[in-house]
Amino acid sequence: AACAMDWQVLTRELSLYLESQVRVGLFGSGVGLSLVLGFGVAYACYYLSSIAKKPQLVASNDRFCRFLEEYCPVVTETYYPTIWCWEGRMQTLLRPFITSRPQVQYRNELIKTADGGQISLDWFDNNGSLYYPDASTRPTVLLLPGLTGTSKESYILHMIHQSETLGYRCVVFNNRGIAGEDLLTPRTYCAANTEDLEAVIHHVHSLHPSAPFMAAGVSMGGMLLLNYLGKTGRDTPLMAAAIFSAGWNVFESVASLEKPLNWLLFNYYLTTCLQSSISRHRQMLEKLFDIDLVMKARTVREFDKRFTSVMFGYRTIDDYYEDASPCRKLKSVGIPVLCLNSLDDVFSPGHAIPVETAKQNANVALVLTSCGGHIGFLEGIWPRKCTYMDRVFKQFVQAVFEHGNKIFSM
């Protein structure tokens, strides 16, 4: 009934719009208008029957499901992708250009690591919070950007904006050497090594030990967070975590990105971004690595084979990719985790999402949309201000901080 209602409203509005914009005399008769109207109605029917769908909610824990249905209802509602931009690649490519960039004033902090390096943290303290004026107990969200992302990414800025309206504090973990700070040692980062993340979590928690604390990771940031949670189990100060567009199986991710069209649209550009970061720190890194060889890489796989896997001491690139794949550690996650993926994400193919493994862990819930791409999830006619991903983030974070006691006894 709801679908029929949506169809009637959409077709009626489309007809009225077209009648006001297209002259009946198009092509000398009303035939042109009829064709346009017919196409519009057909497209609306296709969109409502095949594109706009409720996400799949995969969770073995009934209590977790009921918690999400009550306090994070967006995960059970129909997702209506932007009607003119619902295909995964288009959503992925256009989001950075379409979505707004909320203004955020950061306070930067550089912390030292055990090996002599440094990590850049960008804090949004939200000292004007009306709901949590006491900084010592103000809920804190740790945000982990993607592979080459920083605190300046639009999706991070939107997460902070959502958190600000709820009164929460945010801190962004920028991977080594990526946010403008110097490399003090010849080491960067990877999805498998969680040492820097462990240091950051310990540091943030030590500053605000009485504050509720959770984390959200996007793309590689989500992979890193999952690998950390799989390693630590329940032994973490984090209450819960949200994961967006994580690559679950790195072998499948790179294979997808090496398909001709995906290589042209994403792989080559991503490789050049990685090389650009390396080039900036060439003087430090060339002490241990053949940078000229690294700069000749034309795919992410070649870059990882020549640089990342070597840096972190893996015997082969397959050893690194196996260790970096979160699907191997999902069974060991010991706190509530909500993971949002789109089945048309070329960075994380739908067939590689570990649905059966997730069903074996009561702490894990997967939310799988049919459309949305990689960190896309655009919705609305002109999706500048808020995406489906933003709404999932806001509702889940608020649910954890304000009603989390109802799932922590799972």
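The backbone N, Cα and C atoms fix where each Cβ goes, and this holds for glycine too.
Look at TrEMBL and you will find Ser219 (among others) tagged as active site, charge relay system.
Taken from TrEMBL, the feature active site, charge relay system covers Asp345 (among others). Around the Cβ of Asp345 (active site, charge relay system), the number of neighbouring Cβ atoms within 10 Å comes to 28.
Summarising the annotation, TrEMBL assigns active site, charge relay system to His374 (among others). Of all Cβ atoms in the protein chains displayed, 25 besides its own lie within 10 Å of the Cβ of His374 (active site, charge relay system).
Per TrEMBL, the feature domain 'AB hydrolase-1' maps to 139-380.
Per TrEMBL, the feature transmembrane segment maps to 24-48.
Between the CA atoms of Ser219 (active site, charge relay system) and Asp345 (active site, charge relay system) there is a gap of 11 Å, rounded to the nearest whole number.
Cβ neighbour count for Ser219 (active site, charge relay system) (all protein chains, 10 Å cutoff from its Cβ): 26. The average per-residue pLDDT of the prediction over the domain 'AB hydrolase-1' (139-380) is 97, rounded to a whole number. Residue pair His374 (active site, charge relay system) / Asp345 (active site, charge relay system) shows a Cα separation of 5 Å.
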